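A.B. asks: Just lifted these from TrEMBL, have a look:
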type	residues	note
DOMAIN	A:39-152	domain 'HPt'
MOD_RES	A:His87	phosphohistidine
Amino acid sequence: MDGLVQLQKQLVDYTASLFREGFLDDQFNQLQQLQDESNPEFVVEVVTLFFEDAERLLNELSKTLDSSFPNRGQASIDFKKLDAHVHQLKGSSSSIGAQRVHSVCISFRNSCEEQNVEGCLKNLQQVRHEYSLVKTKLETLFRMEKQILEAAG
Amino acid sequence: MESKKSEGESSRSRISALVVDDDAIIRKIHKAMLQQVFNMDAKSVKDGKEAVDLHRCGANFDIIFMDKEMPIMDGHEATKELRGMGVKSMIVGITTRADEKDREEFLAAGSNHCFEKPLNRAKVEQVLHDHPNFPF
């Protein structure tokens, strides 16, 4: 029982750290509130959809930006297409409460609007980094929740 | 849900809602929230054209949550089209940009409200609060 209490405390502390460090915002709380006995896997299902979608979009963003290098530059970049992909990532990240990914998407859309190639490249790198961090954090969170369920029998 | 009406509620049929968004994650979250928190009868479609087609086939909803940027037919266009068809539902525009222009365009197209994404409990409560006699 002590082990279970300790795991629960670790989970509470870890979750609090994700909010404190800005990885998640209140929208994630709202997702958790939608999970109940009739829908016990709701958060994992939604977040898994987000992972799949984000990875597809990040690949599309890389392809769209990579296609303009090394020789072609700004004129060959399809900024409209780029912006459409960022728009999708911005919407889904805000819907699951992935706050830091969402913030980079705002800056990324501005770079698309300004047709700023350097800005877009920098934002792509940053959004990849933030996505990778929040993915790892959420996977850890789900692992901890699973451990608690198993320990509770 | 405090803001959601009073006596007589139980005798009234559930509010019907349509979520229009090209993002499957958003459709799933919004539908779950409307069903679980607000006890609405919620459906979803993935673009404005599907929403218009659904109404052409005779469907009717008390409230429509309409995304702005969608392929095939965007939220502004679909809102205009629905109003042109005489659809009286409350239409709530949802946009990723919080700027006035987007909001004004949505309202000019015929929506009753416009919010920045994500749609959340507080925003839905605000809509219901602003229209105490809803559904009309």
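Each residue, glycine too, has its Cβ placed from N, Cα and C.
Note: TrEMBL annotation is automatic and uncurated.
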A.B. asks: Please list residues from the chain of A:His87 (phosphohistidine) whose Cβ is under 8 angstroms from its Cβ, counting only those at least six apart in sequence.
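C.D. replies: A:Arg109 - these are the non-local Cβ neighbours of A:His87 (phosphohistidine), listed in sequence order.
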A.B. asks: In the predicted model, what is the mean pLDDT computed over the domain 'HPt' (A:39-152)?
C.D. replies: 91
